[in-house]
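Engineer: Below you will find the structure I want to go over with you.
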Amino acid sequence: MNDTIDVFILAGGQSKRFKGDKTLFIFDNKPMIEHVFETLYSFSKNIYIVSKNPEKYLFIKNAKSIKDILDIQNPLSGLYTACFYTEKPFLLVGADMPFIKKDLVEYMIRNHKKEATIFKINGFFEPLLAVYDPSVKDKIKQSIENQRASFQKLILNLDVNVLTEEQARSVDKDLISFSNINTKEDVKRFYNIGH
């Protein structure tokens with residue numbers, strides 16, 4: 001277990017396309033969010049689940065369920081909240097990413113430097129599977145206040161250690177770690193790739 005990093009799982013999405021709460025969708029005998037938690041528990045004993053309704057995730061033992069500080073529907077709110085709960089670098093992941101490979105997480109943590117360490121896949125940053133330093137808090141607040149509340153815009157204002165797609169494929173050849181679930185069909189499709 002690694003105590004040099006904390007983990008924050010963002011569970012604040014609305015699951016509109018999923019038609020139900022995807023974080024609680026059961027496959028392989030457990031809710032999706034529990035798959036994410038179990039993958040990441042080997043990296044830190046400090047795992048937080050950030051959501052608008054923290055009581056919903058109290059069933060996950062060893063996780064700390066916390067409420068989003070800001071009352072806005074935006075993933076930057078979860079990142080902002082994370083900055084208040086830790087003083088060390090932290091891994092941020094989406095609750096709808098149940099196929100994360102441990103080797104990829106390990107690679108990211110080992111290569112973390114600057115304000116953020118983020119993979120760039122197919123020309124786009126992957127901010128919901130990345131390592132951040134809590135010092136980014138003020139820049140997040142500025143982005144939200146200036147109505148530039150998107151991860152892609154925020155990243156342009158951060159000092160980022162960019163990891164390449166080639167580096168990602170060296171530890172996750174199918175890039176399954178970056179698959180986020182939006183429909184029940186996604187679960188089946190990505191499950192078949194990951195197993």
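Here the Cβ of each residue, glycine as well, is placed from N, Cα and C on the backbone.
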Engineer: Just to be sure I read the record right: L10, A11, G12, D68, D96 are listed as binding GTP in Swiss-Prot. Which of K22, K30, K113, K114 is listed for the same site?
Structural biologist: K22
Engineer: Determine, from DSSP, whether K22 (GTP binding site) sits in helix, strand or coil.
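Structural biologist: In three-state terms, K22 (GTP binding site) counts as helix.
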Engineer: Helix, strand or coil at L10 (GTP binding site), per DSSP?
Structural biologist: strand
Engineer: Any idea of the Cα spread of the GTP site, L10, A11, G12, K22, D68, D96, as a max distance in Å?
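Structural biologist: Spelled out: the longest distance between any two Cα atoms in L10, A11, G12, K22, D68, D96 is 18 Å.
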Engineer: Fewest neighbouring Cβ atoms within 10 Å: which of the binding-site residues D68, D96?
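Structural biologist: Output over binding-site residues D68, D96: least Cβ neighbours within 10 Å is D68.
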